[in-house]
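Participant: Pulled these features from TrEMBL for this protein:
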- 2-125: domain 'AIP/AIPL N-terminal FKBP-type PPIase' (DOMAIN)
- 234-267: repeat 'TPR' (REPEAT)
Amino acid sequence: MKVTFHFRTQLCDDDRTVIDDSKVVGTPMEIVIGNMFKLDIWETLLSSMRIGEVAEFWCDTTHTGVYPLVSKSMRRIAEGKDPVDWHIHTCGMANMFAYHSLGYDDLDELMKEPKPLYFVLELLKVQQPSEYNRESWALSDEERLKVVPVLHGQGNKLYKQGRYQEATQKYKEAVICIKNVQTKEKAWDIPWMKLEKMANTLTLNYCQCLLRMEEYYEVIEHTSDIINQHPGVVKAFYLRGKAHMEVWNEAEARQDFGRVLDLDPGMKKAVKKDLAVLNMRMEEKNQEDRDKYKGNIQGLNSIFMRRLVRKPSGYLPFTAPSPSFLCAAKSLLRRGEIN
């Protein structure tokens with residue numbers, strides 16, 4: 001369940017110095033009970049309270065040692081900052097040793113010398129899981145696996161409606177749920193492989209949306225990742241071939257479509273249609289290039305015919321260039337060294 005509450009943290013000195021007060025900030029705190037909140041003593045205390053109750057608790061250093069880390073995150077959120085962006089890829093404790101500071105003098109002092117604290121808590125609201133939308137990080141592994149087919153279905157529905165951006169979010173969230181569970185399995189064991197297959201299916205659906213959104217290079221990247229790990233996934237080759245086709249990678253597209261036919265001859269009709277489109281596009285492109293080069297060569301000939309050469313007796317018309325010189329010029333044009 002999720003609980004919403006106000007809190008005030010105070011030192012156990014004569015002045016009862018206030019360290020943090022959510023009412024001053026103006027935003028109550030929310031945590032999900034049982035979801036391994038860093039300051040687990042709060043879960044115990046809040047679970048003992050009634051809605052609307054205000055209670056004060058004294059806690060010794062056994063339970064308050066991590067409070068500076070929790071407080072730092074809450075303060076950064078209140079300041080409109082990312083609570084973790086300053087220690088990407090490291091836990092709070094490791095980062096403290098790396099930087100020697102939490103960014104707040106009072107918290108640094110409390111981190112160096114942990115002290116007993118008073119917590120004044122006011123329980124505002126309690127919600128059961130069915131009463132609020134839970135983010136994927138707040139779910140148990142069992143709940144994550146149950147929500148995956150729901151997200152999958154929602155993504156498919158949005159795709160059919162042409163709402164590709166929204167569909168990508170559903171597929172992405174489902175993949176995240178799977179990956180969170182998969183990390184706890186041994187790589188390449190049967191449970192891990194089952195989850196990998198589910199994740200690949202969702203990733204390829206995500207790529208289908210990206211194709212519609214004309215994000216071709218991202219499609220190539222994601223499908224290549226799948227192919228490198230699982231070279232027998234037909235849909236990955238097919239989607240990558242279509243992406244290559246859209247960015248004029250003719251050889252790569254033909255190679256991928258050929259691999260599709262090797263793996264699944266039943267795709268012959270679809271591949272034949274895509275190859276026909278590829279052939280038409282490449283012919284159009286080649287004709288454009290020929291017209292462009294033809295115009296450039298004619299312009300080059302004209303320049304040579306009008307060119308003058310300096311002689312001691314004055315300027316004389318320059319004769320037409322030799323055929324070998326024109327061939328060299330055409331070769332440079334084809335390579336793009338002359339435009």
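The backbone N, Cα and C atoms fix where each Cβ goes, glycine too.
Automated prediction, rather than curation, is the source of TrEMBL annotations.
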Participant: Could you give me the DSSP helix, strand and coil counts for the repeat 'TPR' (234-267)?
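Facilitator: Result for the repeat 'TPR' (234-267), in helix, strand, coil order: 30 helix, 0 strand, 4 coil.
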Participant: Do you know the mean pLDDT across the repeat 'TPR' (234-267)?
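Facilitator: The average pLDDT of the model in the repeat 'TPR' (234-267) works out to 96.
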Participant: Could you give the number of helix, strand and coil residues in the domain 'AIP/AIPL N-terminal FKBP-type PPIase' (2-125) as assigned by DSSP?
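Facilitator: Once the DSSP states are binned, the domain 'AIP/AIPL N-terminal FKBP-type PPIase' (2-125) shows 47 helix, 33 strand, 44 coil.
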